[in-house]
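Novice: Here Swiss-Prot flags 176-186, 211-237, 245-257 as compositional bias 'Polar residues'. The domain 'TSP type-1 1' annotation in Swiss-Prot covers 47-91. Per Swiss-Prot, domain 'TSP type-1 2' is recorded for 681-740, and the stated evidence type is sequence analysis. If you look up Swiss-Prot, you'll see 741-800 marked as domain 'TSP type-1 3', on the strength of sequence analysis. Annotation source Swiss-Prot lists domain 'TSP type-1 4' at 803-865. If you look up Swiss-Prot, you'll see 866-925 marked as domain 'TSP type-1 5'. Taken from Swiss-Prot, the feature domain 'TSP type-1 6' applies to 926-982. Annotation comment: Swiss-Prot describes 985-1022 as domain 'PLAC'. The N-linked glycosylation site annotation in Swiss-Prot covers ASN451, ASN731. Annotated region 'Disordered' per Swiss-Prot: 73-150, 168-306, in sequence order. Residues or ranges marked as signal peptide by Swiss-Prot: 1-24.
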Amino acid sequence: MELWLGRLWLYVMLLLLLLQLCQDQELLGPSLQTPSEEDQVPEGLWGPWGRWASCSQPCGVGVQRRSRTCELHPALSLPPRPPRHPEAPQPRGQGSRPQTPRDPQSLYRPQPRGRGGPLRGPASQVGREETQEPRGAQRFRVRDPIKPGMFGYGRVPFALPLHRSRRLAHKPGQPKDSSTAEETLPSQPPSTEPASEKHSPHMQPPELRAQSRSPSAETPRSGTAQTEVPSRTSSAPSDMGIPAPTSSFRDSRSFQGSPEPRMPTSQGAERQPHPFSPVTRSQLSRRHWRPPGSPHRSPDGWLPLTRDSSPHWSLFAPSSPTPECSGESEQMRACSQEPCPPEQPDPRALQCAAFDSQEFMGQLYQWEPFTEVQGSQRCELNCRPRGFRFYVRHTEKVQDGTLCQPGSLDICVAGHCLSPGCDGILGSGRRPDGCGVCGGDGSTCRLVSGNLTDRGGPLGYQKILWIPAGASHLRISQFRPSSNYLALRGPGGRSIINGNWAVDPPGSYAAVGTVFQYNRPPREEGKGETLSAEGPTTQPVDVYMIFQEDNPGVFYQYVTSAAPESPSTMPPALQLQPEMLRGEPLLPSAPRPVRAPGTLQRQARIPQVPPPTHVRTAMGSSAGYWKQVGHSECSASCGKGVWRPIFLCVSRESGEELDEQSCAVGARPPASPESCHRPPCPPYWEAGEWTSCSRSCGPGTQHRQLLCRQEFGGGGSSVPPERCGHLPRPNITQSCQLRLCGHWEISSPWSQCSVRCGRGQRSRQVRCVGSNGHEVGKQECASGPPPPPSREACDMGPCTTAWFYSDWSSKCSAECGTGIQRRAVVCLRSGETLQGDPEAGSTEQGCPLRSRPPDMRACSLGPCEKTWRWYTGPWSECSSECGSGTQHRDIICVSKLGTKFNVTSPSNCSHLPRPPALQPCQGQACEDQWFSTLWSPCSQSCQGGVQTREVQCLSSNHTLSSRCPPHLRPSRKRPCNSQPCNQRPDDQCKDSSPHCPLVVQARLCVYPYYTATCCRSCAHVLEQSQLEPA
């Protein structure tokens, strides 16, 4: 009893002590918390993904975002602590503390940066105001030198500030604290801030993702005016709905000055910190944000990315729990609302054109994109001035949503080129594994393979294999060449390869989400047909064999993802039974089912999965499991049919049959139909589809194909027609009439007569109209009655006649002197010409000749003056029958007086340019021909002598040849001086040339021409040669 009282007293004392400690903790409040409590970071859980934001661009390619928040784990949730605001109630036991009015100071002091001064943003929507910085702080200009590598190829001759800003007068009323902080830094107007920074979101590429925090938010107390210290990272972008989350990236840009031009923006636009600079909690608390629903559009029409507003951690409530989650807090994907108009430039061109009004190196340029870059430079805004050979990096990153390169799928986001993964998320890096699972590691892949060695059934198409959807790395091949053909059918029996009794050529065939390669090697190679595809397939396909001989054996294999369903739920795989089937993971090896050679399996399946463990469900107990005990009756009495498996609930322990309530109803396998085979059915006639009618209208004929078929266990097949000889043979032709043929219809009345008097022609439109009233071709009415006439003669009565004449010709027939002018005169009958001979005008129906107007008259352009001109004759024939030659023509000076021409002295035409008298010409291609020299002197002066010469065959280039025709070879000898000797010259033999003595000296008397010209001189020479002794 005393022991029990002692224990009771001890429990009471411990309870009182515990109450006292709790009261002291409540009185002290948060001011006595240890630093370890404040700095402790609880582990959180990711909340669900939010909705995808709207596309960032109204047309073309843009970016969509969605985010999730890191929430405190439910097991670590703490009661809310009293807020630290002056208007909040104080803890018990403490009075109100006096509030000292003072300007709040920034907890983050930005590092000095070479380009750009302090940035300013508009007032926040939660009550903050912005201090107006004096304009004197903007009077400094960038004076940094140009560094190597800043420009592209080509050289800049001298270094100047890239952009000139107007010097602003320094106002004396500038605050000291701002001037001291700015005088050491070059100032830059807000208008030169790059648009890419203004619009770039805070994101984390997957290759650089780190742990990010998304604490719950607590907005600052409204109503208090806060003065912000200017900071490069203090103001949030004007187009963002919320402060940007913490990023783990470091600013990769140099803190030194850079003369790079910045994207021009509107004056006073808000600036966004670099997306890769670290953001602290103090920065998050000092960023103001634009209320949702007020996006800001840049001047060039390019929309920035926006984010949905969500609560964030607040500096003014440091006691709020700050959970930490690992993983990404934001995802992005490409989007496109509608294509941009063709006349609108691409985004890069718009961004480059924004610098057309901004000076660079002291002058203005028209900028166009420069895309001949690689690597990380693809997401920089590199622009080239038109007509110049250098380019400039205007901004370090293009606007989000810009394509990395024209025609690529990669998109620039925050200066990084991100590629879409198989899940559509930019930068996810997910790729399908070997069995088509997006982001899979291949652990779920299973290789299914086997050999089909059954001899086969009847001739024709026979299904041999079923391939499920999602299969990849397919390969089906025959063991050796044969007359059989592999065929492929898709869902609904749609033919893919070798369908409709037609053999397709080898090649590529696209179907069910992949491309099948059909290969048929020559028989001498000793290889059979092959079907292969990389996959994965989007729908199941059936593999058939067109049997024309016994099956030589078929090997098949494919990779598929392991399905959680039981093997009995899979559709039938084969009708020709396989010799072997493997269902095993790709990485670990599994035992293969062993079967005695020569036996056949009824169905080829993945090996049976062991029965599941005892798991009780709401639909039934685990006392039994479903076991297949047989099949129903076959649905066909002959040929091929189907039956369904019968499942019973069997005890797991004793194997006895139980009632169905003892097994889980949801785990009962479906009774999928399976193929069954009965004895062959009697043959029957199978008629094909009727062909089109032989005529498009009227009676015609149709034909169809008739086959004798018989159903076997493996399916239907064509058999010889003799087997169906005892059956009545259906007709293979029949009469048909699609519609009545067309008829002729008059569609317009008669036109006016072609003449106003006399006999003429008139016409009307006649068309062939079908049964529906529409016009058809004339051949549709060819079988009917002839068409009504469309033309006929018409008589407009007698015509009145009169002479009609035209104007005189404008040119006189003579250039000078008297000439003739002509005009046309006709006799018309009410506007029509008189038919027949013009003399018919003298008849009663013609015009009287006595009143015919004259058709000629004299004309004169003035007296004629004598002129001279060169007259050229026709060119002569080419001097050479082949090869190059010359042509000549006669040129004379002719004087002209009126129509008279006289030949005169060439000196009268000397003032005129003389036409050429010679010109080169080209004959036909020269063939090899005979050439000969001059004849030698005659060997005797009388009583017959001999002359000789050389004869050679030369080619067109004057080289010796042997291809000249022998029958055209000139003779090498000829007789000469056949006159008798001792003849005195008669009186008729005289010299007709004064140069005969020279002819004698030159010994030219041997030639007939000179003998006749200098007869006497040559006769004396002949006499002297005869008198001289031999």
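In case you wondered, yes, glycine gets a Cβ from its N, Cα and C as well.
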Novice: Per 10 Å Cβ neighbour count, which of the glycosylation sites ASN451, ASN731 ranks highest?
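Specialist: Counting Cβ neighbours within 10 Å, the top one is ASN451.
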Novice: Counting by DSSP secondary structure, give me helix, strand and coil numbers for the domain 'PLAC' (985-1022).
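Specialist: So the counts come to 20 helix, 2 strand, 16 coil.
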Novice: Quick check for the class: what is the C-alpha distance, in angstrom and rounded, between ASN451 (N-linked glycosylation site) and ASN731 (N-linked glycosylation site)?
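Specialist: Checking the Cα atoms of ASN451 (N-linked glycosylation site) and ASN731 (N-linked glycosylation site) gives a distance of 44 Å.
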Novice: Quick check on the domain 'TSP type-1 3' (741-800): DSSP residue counts for helix, strand, coil, in that order please.
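Specialist: Each residue of the domain 'TSP type-1 3' (741-800) counted once, the result is 4 helix, 19 strand, 37 coil.
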Novice: Could you break down the residues of the domain 'TSP type-1 2' (681-740) into DSSP helix, strand and coil, giving a count for each?
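Specialist: Grouping H, G, I as helix and E, B as strand yields 4 helix, 24 strand, 32 coil.
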Novice: Kindly report the helix/strand/coil residue split of the domain 'TSP type-1 6' (926-982) according to DSSP, in that order.
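Specialist: Split into helix, strand and coil, the domain 'TSP type-1 6' (926-982) gives 3 helix, 17 strand, 37 coil.
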Novice: Quick one: DSSP breakdown of the domain 'TSP type-1 5' (866-925) into helix, strand and coil?
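Specialist: When I sort the residues of the domain 'TSP type-1 5' (866-925) into the three classes, I find 4 helix, 30 strand, 26 coil.
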Novice: Give the three-state DSSP assignment (helix, strand or coil) for ASN451 (N-linked glycosylation site).
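Specialist: Reduced to three states, the DSSP call for ASN451 (N-linked glycosylation site) is strand.
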